[in-house]
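Student: Would you mind keeping the following structure in view while I ask a few things?
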Ligand code: BGC
């Protein structure tokens, strides 16, 4: 990399978290339970029965965490609001104590000069709404827009970057198709319906936002570029199906007004028909798109895989993370270019990117995490390569600020730039956090420094 290459001056450098993964105290001050609270308290659903009851205790330690962000030099912080803290029943009564937590958090961030990016939905639907059918209920779009409006009114004067949904793909795939995430349904007939109502909810919230404010609102999707294992007709078709299901399912309707043609083939009789009015609604213009990028997939045709008949071909010579995800930085450049070309040009943020690796114990007060550091370095270079190719990338949020509750994997996987000792709640920045600070301080010039200099500072 050319040592002089730096990121644009306005580039926003941040880190991301989500409410259920870090806050703890899920029922404090009158909050209503979420589907994740109920799911994690159901035996057998999460690894070792782990729950978000304590997590990183961020609900009580948020001031210290904001001070830590400041120490690290972060300019932006992406977090999510727990819907059930604000509306314990999911709709109706607004709980001032829950709302006050997010008001205090935003104020603390702004006092430190850190730009908040607020995600309205990061998977923790109020359990009371799930009992009414959750995302399968057509009313869910209106519930979501009403909730969003409460937040826009409470925080709209201070928050300039809003995200409606985090990764609708995961909500649908894990929550309604395979049942490994809350609410734990495994039903091909449910999945397309949930997907459609999530998109209606997104669009209805965007409409509500336009009536209240004129800053920026967008959507966050997880994208994973697909590459065929071979050039056979079968593998190429499988790659198209995987691409439709993962990458175009939510973006085609938002930007192009229709679902990808492969989806009826994948879902068969379970694929419903959707009204033209809904599809027009879903096409609300948005101000930016957030992309969460972790890995790629090399795809081969596999009739035993359900429902895609498309299997991942593991690349044995590549580095894999603790979750067995292939480390593939080039995929970030590729997917950013692909999104800009297909749907843009449009402002983009990398709203999540990071890696779970085993972290060795502290030695001499340092936590050396060379694999995470290398992941960060190579992916930031890949982001810069996309900018060089003309992609309008406005910022980057590392996943994650803190080690946290990794959903069904519980606390077994650590994604943090900052280590969390769950017994004491002590936070210790890892070498990757020190490196990231240096990258931010130098606008990216530190990405060019020699690997031999990588140590905790
Ligand atoms: C989610 C995060 C999650 C991360 C790592 C993303 O899919 O938004 O909540 O922790 O990936 O799995």
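Each residue, glycine too, has its Cβ placed from N, Cα and C.
Pulled these features from TrEMBL for this protein:
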type	residues	note
BINDING	21, 122, 166, 294, 399, 406, 407	substrate binding site
ACT_SITE	167	active site, proton donor
ACT_SITE	352	active site, nucleophile
Student: How many whole Å apart are the CA atoms of residue 122 (substrate binding site) and residue 167 (active site, proton donor)?
Tutor: 8
Student: In Å, rounded, how far does the Cα of residue 294 (substrate binding site) sit from the Cα of the residue listed as 'active site, nucleophile'?
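Tutor: Cα-Cα, rounded: 8 Å.
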Student: Say you check the Cα of residue 167 (active site, proton donor) against those of the recorded positions 21, 352, 406; which is nearest?
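Tutor: Result for residue 167 (active site, proton donor): the nearest of the recorded positions is 352.
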Student: Would you work out the biggest C-alpha to C-alpha distance among 21, 122, 166, 294, 399, 406, 407, the residues that bind substrate according to the record, and give it in angstrom as a whole number?
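Tutor: Roughly 18 Å, rounded to the nearest whole number.
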Student: So if I draw a 10 Å sphere around the Cβ of residue 166 (substrate binding site), how many other Cβ atoms end up inside it?
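Tutor: If we count other Cβ atoms within 10 Å of residue 166 (substrate binding site), we arrive at 24.
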Student: Starting from the residue listed as 'active site, nucleophile', work out which of the binding-site residues listed here (21, 406, 407) have their Cα within 10 Å, and give them in sequence order.
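Tutor: Checking each Cα against the residue listed as 'active site, nucleophile', there are no hits.
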Student: Across all the protein chains here, work out how many other Cβ atoms are within 10 Å of the Cβ of residue 352 (active site, nucleophile).
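Tutor: Summing over all protein chains shown, residue 352 (active site, nucleophile) has 25 other Cβ atoms within 10 Å.
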Student: Sort out the sequence-distant neighbours of residue 399 (substrate binding site) for me: same chain, 6+ apart, CB within less than 8 Å of its CB, listed by position.
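Tutor: Long-range Cβ contacts: 15, 16, 292, 352, 353, 354, 415.
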